[in-house]
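The transmembrane segment annotation in TrEMBL covers 32-55, 75-98, 118-138, 144-166, 187-213, 225-246.
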Amino acid sequence: MTVSVGGPLSYAPSVGDYTRRISRSRYSDRQIAVAVSAGIFLGLFSTATFGAFTASTFSAPTASYVADMVATAPGWYVVPLLILAVLGGCGQGVISIYSSGLDLESIVPRLNRTQTTLIASGIAVVLMYLGVVVTDAIDSVTGMTVVLNSFAGSWVAINICGFFKANRGQYDPKALQRFGQDGRGGLYWFSHGFNVRAVVPFIAGSGLGLLTVQNDLYQAPFANIAGGIDVSLLLSVVVGGGLYWLAQVSWPAPRVVVSSGSSA
């Protein structure tokens, strides 16, 4: 269950890169939010249903779904199976490469989007080869997904609280791009690029989540705090988001006034 949450959770920080291109004059924020939520749910639910249905047809299932699928499928299904194998990961791959290139560009503003995307793609290919071919670390990757959920959950909760509580549902798009344009700060630069109100809750939420992770790869000191149930994601979300909300109440950030022509 916790691993399954990693899929939709990984989309949360990147959907804004795509929805910002949708006209607000044609679609409201509520319509966009509902469409995004429905798309993520239906997309992941349909693939999970397909996997569960096909797995139920295996006469002698093993630990490898792909191997069982190839062994069970009739000969005529080889071509569709190859198409699914090649195209199945394209959607996730495009989102991951685009987002990682965008993030690297914000960290190293001297590089353009093409350069950062190529760098991120090269690193991803090397890591994939080492993890799948050289060391056969698929189980480790699955276990690491649960660990990373502690970081992602806390960060997503902070972003949601920041959007509704700190920014009242608005950002200044020009200020968001300020540092990448001239190497200077801007409205969202805070203290030398760090928002202490968000960083401290993020560390606290992620740290508590890591202390309660439970899987085959990593057993945290307090993994059995809930009787064997992995509550790392829940704790990271509640603690990270809750502390940031309290920080905004007790130590609110300066209000950003966004003009009607530049709201986003």
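Any Cβ shown, glycine's included, is placed from N, Cα and C.
Between the transmembrane segment (144-166) and the transmembrane segment (225-246), three or more CB pairs separated by 6 or more residues in sequence fall under 8 Å, so the two stretches touch.
With Cβ pairs under 8 Å as the measure, the transmembrane segment (75-98) is packed most heavily against 118-138, out of 32-55, 118-138, 225-246. At the 8 Å Cβ cutoff, the transmembrane segment (187-213) and the transmembrane segment (118-138) share fewer than 3 close pairs (sequence separation 6 or more) and do not count as touching. Packing against the transmembrane segment (118-138) from elsewhere in the chain are residues 96-97, 100-101, 104, 111: each is 6 or more residues past its ends and has a CB under 8 Å from a CB in it.
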